[in-house]
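Engineer: Reproduced below are the annotations present in Swiss-Prot:
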MOD_RES   2  N-acetylalanine
MOD_RES   5  N6-acetyllysine
MOD_RES   5  N6-succinyllysine
MOD_RES   14  N6-acetyllysine
BINDING   29-57, 99, 138  NAD(+) binding site
MOD_RES   57  N6-acetyllysine
CROSSLNK  57  SUMO2 cross-link
MOD_RES   81  N6-acetyllysine
BINDING   106, 138, 169, 248  substrate binding site
MOD_RES   118  N6-acetyllysine
MOD_RES   118  N6-succinyllysine
ACT_SITE  193  active site, proton acceptor
MOD_RES   224  N6-acetyllysine
MOD_RES   232  N6-acetyllysine
MOD_RES   309  phosphothreonine
MOD_RES   318  N6-acetyllysine
């Protein structure tokens with residue numbers, strides 16, 4: 001008696017399954033899973049692979065997502081401790097690493113995470129030599145440099161999530177003050193993701209109307225409205241969320257899916273993300289910092305040359321020096 005499947009279905013074609021739009025997420029902690037669900041909800045991949053060292057947690061997360069398949073449009077969700085499950089990925093998102101503790105600076109995490117990357121990156125490269133690498137783990141600017149060094153990839157294919165979230169937080173808070181949706185509030189935070197990020201006050205606008213032109217004290221200590229506080233809130237926000245709920249997830253997950261969409265759909269949108277800045281803004285070392293970048297199917301194809309004040313440029317240079325001071329001490 002023929003099996004039920006054979007009675008029901010007549011096969012016409014022996015297919016070899018090679019995914020066309022595969023995305024891998026390395027690390028199934030709170031951030032990794034927020035990235036995964038955000039990507040699934042945006043229908044960006046035909047296959048999603050999850051990788052972690054904690055096998056039970058990994059299998060549980062995979063099964064939980066698979067059970068939602070009816071409500072998703074990603075036909076294959078796989079997982080494994082072995083990196084062979086990641087083969088043929090277009091995009092590999094790295095969220096694995098030691099988690100930032102309450103009150104711990106992002107830079108303090110660094111050597112702990114370098115050691116983790118020494119295992120992850122060669123395995124990713126082995127199975128997906130043509131992928132784009134999107135680094136999310138903190139401190140993101142330094143770890144993007146680490147991923148670039150270990151992978152041997154050209155710099156366009158190694159991207160740090162950088163200030164994409166900082167800028168999104170900034171635009172949200174700007175919108176709250178002005179009573180306008182964040183999408184219509186334009187403002188950029190550049191430089192280091194974290195404590196020494198640089199708000200570009202001159203670029204803040206709604207409908208092309210410059211806030212700095214209307215309110216020349218914007219971002220200065222003399223400002224009666226204290227817009228500087230908005231940037232301070234951005235810097236403090238991750239620490240506050242970590243203090244309140246233990247970690248940050250949803251905003252970073254949505255932010256990463258936003259970047260993944262630009263890459264997978266070759267949108268060529270401009271994002272404030274971490275890229276190799278040597279030779280720009282007076283920076284002479286191999287450091288990764290966030291500037292507005294054109295993001296598409298080849299990763300970062302172009303960088304927008306932002307007009308910075310001498311103070312802003314000095315701030316960026318100081319961040320670069322701080323990062324380089326740490327990078328040159330790293331043990332690979």
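Each residue, glycine too, has its Cβ placed from N, Cα and C.
Give me the structural setting of these features: burial, nearby parts and distances.
Structural biologist: Around residue 2 (N-acetylalanine), no same-chain residue six or more apart in sequence has its CB under 8 Å from its CB.
A sphere of 10 angstroms centred on the C-beta of residue 5 (N6-acetyllysine) encloses 8 other C-beta atoms. For the recorded site, residue 5 (N6-acetyllysine), the DSSP three-state label reads helix.
When secondary structure is read from DSSP and collapsed to three states, residue 14 (N6-acetyllysine) falls in the coil class.
For residue 45 (NAD(+) binding site), applying a Cβ distance below 8 Å and a minimum sequence separation of six or more within one chain yields 19, 21, 22, 23, 39, 74, 264. In the three-state DSSP classification, residue 45 (NAD(+) binding site) falls within coil.
Taking Cβ-Cβ distances under 8 Å and a sequence gap of 6 or more within the same chain, the neighbours of residue 57 (NAD(+) binding site) are 28.
Spatially close to residue 81 (N6-acetyllysine) yet at least six residues away along the chain are 51, 52, 53, 55, 58, judged by Cβ distances under 8 angstroms.
Annotation note: residue 138 (substrate binding site) sits in a coil segment as assigned by DSSP.
Of all the Cβ atoms in the protein chains shown, 13 others lie within 10 Å of the Cβ of residue 118 (N6-acetyllysine).
In the shown protein chains, 31 other C-beta atoms lie within 10 A of the C-beta of residue 193 (active site, proton acceptor).
Taken residue by residue with DSSP, residue 224 (N6-acetyllysine) is part of neither helix nor strand, so it is coil. Residue environment of residue 224 (N6-acetyllysine) contains 7 other Cβ atoms, counted within 10 Å of its Cβ in all protein chains.
Annotation note: residue 232 (N6-acetyllysine) sits in a helical segment as assigned by DSSP. Sequence-distant neighbours of residue 232 (N6-acetyllysine): no residue of the same chain at least 6 apart has a C-beta under 8 Å from its C-beta.
In the three-state DSSP scheme, residue 309 (phosphothreonine) is classed as coil.
With a 10 A radius on its CB, residue 318 (N6-acetyllysine) counts 14 other CB atoms from all the protein chains.
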Engineer: Going by Cα-Cα distance, which of the recorded positions (5, 14, 49, 193) sits nearest to residue 169 (substrate binding site)?
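Structural biologist: Ranked by Cα distance from residue 169 (substrate binding site), first place goes to 193.
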Engineer: Can you tell me how many other Cβ atoms are located within 10 Å of the Cβ belonging to residue 138 (substrate binding site)?
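Structural biologist: Other Cβ atoms within 10 Å of residue 138 (substrate binding site): 26.
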Engineer: By CA-CA distance, flag whichever of 5, 118, 224, 309 among the modified residues is nearest to residue 37 (NAD(+) binding site).
Structural biologist: 118
Engineer: Least buried of the recorded positions 14, 169, going by other Cβ atoms within 10 Å?
Structural biologist: 14
Engineer: Take the C-alpha atoms of residue 5 (N6-acetyllysine) and residue 33 (NAD(+) binding site) and report the distance between them in angstrom, rounded.
Structural biologist: 34
Engineer: If you count Cβ atoms within 10 Å of each one, which of the binding-site residues 33, 41, 53 comes out on top?
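Structural biologist: Answer by Cβ density within 10 Å: 33.
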Engineer: Rank the recorded positions 248, 309 by how many other Cβ atoms lie within 10 Å of each Cβ and give me the one with the fewest.
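Structural biologist: So among 248, 309, the recorded positions given, the one with the fewest Cβ atoms within 10 Å is 309.
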